[in-house]
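Lifted from Swiss-Prot, the feature list:
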type: BINDING; residues: ARG93, SER94, SER95, THR96, GLY97, ARG98, ASP111, THR119, LEU120, GLU121, GLN138, TYR151; note: dCTP binding site
type: SITE; residues: GLY108, PHE109; note: site 'Important for bifunctional activity'
type: ACT_SITE; residues: GLU121; note: active site, proton donor/acceptor
Amino acid sequence: MILSGKEILKHIGEDIVIEPFSEERINPNSYNLTLFNELLVYKNETLDMKIPNETEKLIIPEEGLLLEPGKLYLGRTNEFTQTNKYVPMLEGRSSTGRLGLFIHVTAGFGDIGFAGYWTLEIFCVQPIKIYPNTEICQIYYHNIDGEYDLYNSGKYQNNNGIQPSLMYKDFEK
């Protein structure tokens, strides 16, 4: 079952943390998150899962940044989120989707106990200009049935910024 906006609001500061938080961004069953003013792009055209891939930082100026199709941009939310009771899910807003802008390629599913900024896997189907602090995606929360363990992976937990893939660490096990 998905939490309503009113339920999200009720649990803010307790079971759900969203910082900074603005009540104006509550929807009937989600909360709008905003785009930070930095992006990462991979330097090499060919990526390797077994090694750290080099990235380059781009700043999104107030006047906007033009994204190119066929290129992956890693961004992040301005908001730090945490939940110890609900399953967080991230989805692009329909307004961004209707512009051909994808906010996540595969990683829209969060784990109970995740604490950090959401890394966005941004991809566009045609050139599009983006702006910092835009309400770009939404987070919503599911109840979970049964016993569970909190997320405790060290890879992405308590991140401070945009996280490129750390898949290479899986090969070190």
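Each Cβ is built from the backbone N, Cα and C atoms, and glycine gets one as well.
Looking only at the binding-site residues SER95, GLN138, the densest Cβ neighbourhood within 10 Å occurs at GLN138. Here the recorded positions are GLY97, GLY108, and the one whose Cβ sees the fewest other Cβ atoms within 10 Å is GLY97.
Per the record's binding annotation for dCTP, residues ARG93, SER94, SER95, THR96, GLY97, ARG98, ASP111, THR119, LEU120, GLU121, GLN138, TYR151 show a top Cα-Cα distance of 33 Å. In this structure, the C-alpha atom of GLN138 (dCTP binding site) lies 14 angstrom from that of GLU121 (active site, proton donor/acceptor). Close to GLU121 (active site, proton donor/acceptor) in the fold, though at least 6 residues off in sequence, lie LEU72, LEU74, PHE102, ILE103, HIS104, VAL105, THR106, ALA107, each with a CB less than 8 Å from its CB. DSSP assigns GLY97 (dCTP binding site) to a helix. The two recorded residues, GLY97 (dCTP binding site) and PHE109 (site 'Important for bifunctional activity'), have Cα atoms 18 Å apart. Calculated from their C-alpha atoms, the gap between LEU120 (dCTP binding site) and PHE109 (site 'Important for bifunctional activity') amounts to 12 Å. Packing around ARG93 (dCTP binding site) is summarised by its Cβ count: 19 other Cβ atoms lie within 10 angstroms of its Cβ, all protein chains included.
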